[in-house]
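K.L.:
Provided herewith is a single structure, encoded as structure tokens, for subsequent inquiry.
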Amino acid sequence: MDYYRKHAAVILATLSVFLHILHSFPDGEFTTQDCPECKLKVNKYFSKLGVPIYQCMGCCFSRAYPTPARSRKTMLVPKNITSEATCCVAKAFIRVTLMGNIRLENHTQCYCSTCYHHKI
């Protein structure tokens with residue numbers, strides 16, 4: 001019985017050290033390397049058709065913070081956390097038709113603005 005307690009103690013100590021190391025890194029440290037700023041980049045897939053097609057790509061900011069009590073009272077479904085985010089979107093674009101029937105937006109300027117992931 002004493003053997004199993006020592007074994008369990010070693011496993012718990014190892015797990016504790018691993019979790020401490022894991023939580024000491026900022027979020028996303030393992031998955032992302034410096035995210036580039038929001039700017040125009042060539043879309044390689046559509047540019048193969050002969051005309052260079054540009055697309056806005058890159059990172060903006062996002063943050064989350066506790067919802068103020070005053071705001072929670074007015075919510076239909078109260079939430080403890082409020083989040084904000086901006087996405088890299090086109091400020092200006094030119095409509096382009098490729099191969100007679102493919103209509104695309106060729107971005108000409110980019111900036112960080114409100115995210116509309118649901119927008120088609």
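Backbone N, Cα and C atoms are what each Cβ position is placed from, and that goes for glycine too.
Note that the coordinates shown come from a computational prediction; the quantities given were computed from them, not determined experimentally.
Pulled these features from Swiss-Prot for this protein:
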- Cys35-Cys59: disulfide bond (DISULFID)
- Cys38-Cys88: disulfide bond (DISULFID)
- Cys56-Cys110: disulfide bond (DISULFID)
- Cys60-Cys112: disulfide bond (DISULFID)
- Cys87-Cys115: disulfide bond (DISULFID)
- Asn80: N-linked glycosylation site (CARBOHYD)
- Asn106: N-linked glycosylation site (CARBOHYD)
- 1-24: signal peptide (SIGNAL)
K.L.:
Pull out the recorded positions from the set Cys35, Cys88, Asn106 whose C-alpha sits within 10 Å of the C-alpha of Cys115 (disulfide bond).
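P.N.:
Taking Cys35, Cys88, Asn106 one by one, the ones whose Cα falls within 10 Å of Cys115 (disulfide bond) are Cys88.
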K.L.:
Within 10 Å of the Cβ of Cys112 (disulfide bond), how many other Cβ atoms can you find? Include all protein chains, please.
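P.N.:
I get 18 for this one.
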K.L.:
Measuring C-alpha to C-alpha, could you say which of the recorded positions Cys35, Cys59, Cys60, Asn80 are within 10 Å of Cys110 (disulfide bond)?
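P.N.:
Qualifying among Cys35, Cys59, Cys60, Asn80: none.
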K.L.:
Nearest by CA distance to Cys56 (disulfide bond): which of the recorded positions is it, out of Cys35, Cys38, Asn80, Asn106, Cys112?
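P.N.:
Checking each of Cys35, Cys38, Asn80, Asn106, Cys112 against Cys56 (disulfide bond), the shortest Cα distance is to Cys38.
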K.L.:
Tell me the Cβ contacts of Cys38 (disulfide bond) under 8 Å, same chain only and six or more apart in sequence, or just say none.
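P.N.:
Looking at Cβ-Cβ distances below 8 Å from Cys38 (disulfide bond), excluding near sequence neighbours, one finds Cys56, Met57, Gly58, Cys59, Cys60, Cys88, Cys110, Tyr111, Cys112.
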K.L.:
Considering the disulfide-bonded residues Cys60, Cys87, Cys88, which residue's Cβ sits among the greatest number of other Cβ atoms within 10 Å?
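P.N.:
Sorting the candidates by Cβ neighbours within 10 Å, the top entry is Cys88.
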K.L.:
Write down the Cα-Cα distance for Cys87 (disulfide bond) and Asn80 (N-linked glycosylation site), rounded and given in Å.
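P.N.:
Between the alpha carbons of Asn80 (N-linked glycosylation site) and Cys87 (disulfide bond) there are 23 Å.
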K.L.:
Could you round the CA separation between Cys35 (disulfide bond) and Cys87 (disulfide bond) to a whole angstrom and send it over?
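P.N.:
Cα to Cα, Cys35 (disulfide bond) and Cys87 (disulfide bond) are separated by 13 Å.
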